[in-house]
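Some features that TrEMBL has for this protein:
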DOMAIN    B:65-290  domain 'Radical SAM core'
BINDING   B:80, B:84, B:87  [4Fe-4S] cluster binding site
BINDING   B:123, B:215, B:285  [2Fe-2S] cluster binding site
Ligand code: SF4
């Protein structure tokens, strides 16, 4: 599942798990763009099982399946 | 923590600290004492470039131009019973990191990806107090599979060990063992309460006695004073590790250190220079946190300020810069990558 910018399909912040429509997520985005893989499912906010390896990451939501990326996560 | 006003900078009894360090560290190869390291850490920011320049000269003279490249991977992530206050993998905190195990196929794949970058070291890490039978079994299978397919030195970081486990890892051919003291002995109880600094020290002594290389470093920016940072540098020097990985705190959500600030770039770079001047011959490695603390420019300054090793690619739970970016940086800086079986 590729990260998407759609706030309706993906209403939650993948870093902090809160609603993207509420609050300021600038710091969350900076972390996702530099040092953190997504930790929360952007569709349902569940905490995901994340595995980081030298070249990428995979993140699995028990409800919405697996996503994967290389460096940096952009919603 | 920021550097202080020059007028209040304590001078070493022997004169200006960088002049003393030039003679003592560069010429004679003797690391700085605790008071001397503190004097470097207290230098004003205007003298940062000079300190980094001297640290670079020391590294070139005593270690050479080669850079040791390493990749790391988390074999067992999260769910750790310990309470290291910086760590998102402790099961005692409300961290978003969930437990996960890497299978042997992915471990081998990670080693291959690491070797492709020209790295000579691949470190297998587990979030545990110390290994149990299941983890030792997984490590054994993983190392055998890597050795069959990938030409790279294998290191491990599996927490505190028993003598039996030390012997077993040495027999498996583990080249280097990482176990960080993390911070100064006097600051350790503010960082970890479920085990002691001395327990960590004991594991390190057993590792050395078994003939494995010792890798031991820590994290800068965990609320330690400059005095404690200087204390840590000389405690590491006393240990005489083969490698010191320097991390900069990434304040992780849910951990007791989530509220701490990311260390300032100038402060971090002065620490790099000071640690090199305390440890003239050690492999000094840039590890986690440099992306937030230093950015791209600061990483280059560090490579020209005493650092002679890097972790490329991602870390355990955090992402790093793409390996190509670091390899390009080394090429631009005309720093050759250390070849397999060379010693620094
Ligand atoms: S022992 Fe290691 S994995 Fe466990 S909490 Fe401490 S630093 Fe994290």
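Even glycines carry a Cβ here, placed using N, Cα and C.
Overlay of TrEMBL annotations on the structure.
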residue	record	Cβ within 10 Å
B:80	[4Fe-4S] cluster binding site	23
B:84	[4Fe-4S] cluster binding site	26
B:87	[4Fe-4S] cluster binding site	25
B:123	[2Fe-2S] cluster binding site	26
B:215	[2Fe-2S] cluster binding site	27
B:285	[2Fe-2S] cluster binding site	22
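The record gives B:123, B:215, B:285 for [2Fe-2S] cluster. Within 8 Å of the mean position of their Cβ atoms, the other Cβ atoms in that chain belong to B:70, B:72, B:121, B:155, B:157, B:176, B:178, B:217, B:243, B:245, B:283, B:287, B:309, B:311. Less than 6 Å separates the Cβ from ligand 1 in the case of none of the binding-site residues B:123, B:215, B:285. If you measure from the Cα atom of residue B:87 ([4Fe-4S] cluster binding site) to that of residue B:123 ([2Fe-2S] cluster binding site), you get 18 Å. Note: the [4Fe-4S] cluster site is recorded as B:80, B:84, B:87; in the same chain, B:82, B:83, B:86, B:88, B:89, B:90, B:127, B:192 also have Cβ atoms within 8 Å of that site's Cβ centroid. Distance between Cα atoms for residue B:84 ([4Fe-4S] cluster binding site) and residue B:123 ([2Fe-2S] cluster binding site): 20 Å, as a whole number. When the binding-site residues B:123, B:215, B:285 are ranked by how far their Cα is from the Cα of residue B:80 ([4Fe-4S] cluster binding site), B:123 comes first.
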